[in-house]
């Protein structure tokens, strides 16, 4: 078992980029594989999740060179060029890979099976099964969970209203729509990341967007592109947290994607009193990008507006720590989606904070966190990469050393986290049990 041993009392400083965006990296691989011609990707995240997506398409006959230092060359097979895999496609720990691949595979003229690790096989897949089946897909899954046994069939377009805001479900339906007769539309109840819509248009697939509604027509074609993946704001979030809570910190993160559907972490921390400045604003690969400077600032507890929850859904482990370090109470509501992530993030974060001496009232859709001094001690991340990184940053202000258990899955999204954290000043040691 991989453990993090972290000593308190340091600060974060320096200037460096964070790795490529995981969500965009997945989509670059998928659309590059389905496009005609060559797609060149720079800045690709080489984490285990994205590597699982690459391996899946290689199993379906797509030729790729790399990845090597963030560069991947994809020789696209075209929308109709995938070949039947001879083995199950292993998505590892990646819900994004499984849900988006299900959308692609639903319309293929061959059977396929999607599997994952023990954590992924506990996550709900009914949310993609329902719309894909409504489009004509034949998918077998026990209790709405992986493994997914998909028998490709001709699909027809649907007009689908998402019951829960989910970019993964939206993307799965739109990808299936590429293979469907007629128009496929998705309406979301709250804004979610729009990387799929942006990238589909970049690859030549028209997407009509009207407020919460996105529509496309099947029967088109995608054309290979040259793509630059911006830095991942979800990875940057841990450094935004650390520099905000550790006195004397002054840190600049270069080339971070600031897509407005992903910047909830910045808005929430700013509402709490964080000193965050965006500089060198520019556009990279159709996505807004900036350098982010963050300095220490005392935080004040707030009631987080529910409308911001989908815009920061992956960053809540960091926000739980920020709340514990703030003066007063922070109230989180409308965040029940956190219970079906890589772990039950509400329960695991609440339990971890209590182990460090914090006062947390857990609720079905969130929590009330009272700011207090954090003790040292042992915290179990339950194999959740984002929880492991959040508690590593909490150690900056703990009153004693911290040991964080079960950290190996950090490699799924941020394999260079320990090295970058050490470079920035975190007194972190990686150990094996």
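In case you wondered, yes, glycine gets a Cβ from its N, Cα and C as well.
DSSP assigns residue 314 (active site, proton acceptor) to a helical segment in the three-state reduction. Residues or ranges marked as active site, proton acceptor by Swiss-Prot: 314.
The secondary structure of residue 23 (3-phosphoshikimate binding site), as reduced to three states from DSSP, is helical. The 3-phosphoshikimate binding site feature in Swiss-Prot is assigned to 22, 23, 27, 166, 168, 314, 341; the stated evidence is sequence analysis.
The 10 Å shell around the Cβ of residue 22 (3-phosphoshikimate binding site) contains 23 further Cβ atoms across the protein chains shown. The phosphoenolpyruvate binding site feature in Swiss-Prot is assigned to 22, 95, 123, 168, 345, 386.
Comparing residue 341 (3-phosphoshikimate binding site) with residue 123 (phosphoenolpyruvate binding site), their Cα atoms are 7 Å apart once rounded. There are 24 other Cβ atoms within 10 Å of the Cβ belonging to residue 345 (phosphoenolpyruvate binding site). When the alpha carbons of residue 23 (3-phosphoshikimate binding site) and residue 386 (phosphoenolpyruvate binding site) are compared, the span between them is 15 angstrom. Note on proximity: of the recorded positions 95, 314, 345, 386, the one nearest residue 168 (3-phosphoshikimate binding site) is 95, by Cα distance. Rounded to the nearest whole angstrom, the C-alpha distance between residue 95 (phosphoenolpyruvate binding site) and residue 27 (3-phosphoshikimate binding site) is 13. Each of the binding-site residues 23, 166, 168 was ranked by the number of other C-beta atoms within 10 Å, and first place falls to 23. Counting in whole angstrom, residue 345 (phosphoenolpyruvate binding site) lies 10 from residue 314 (active site, proton acceptor) by their C-alpha atoms.
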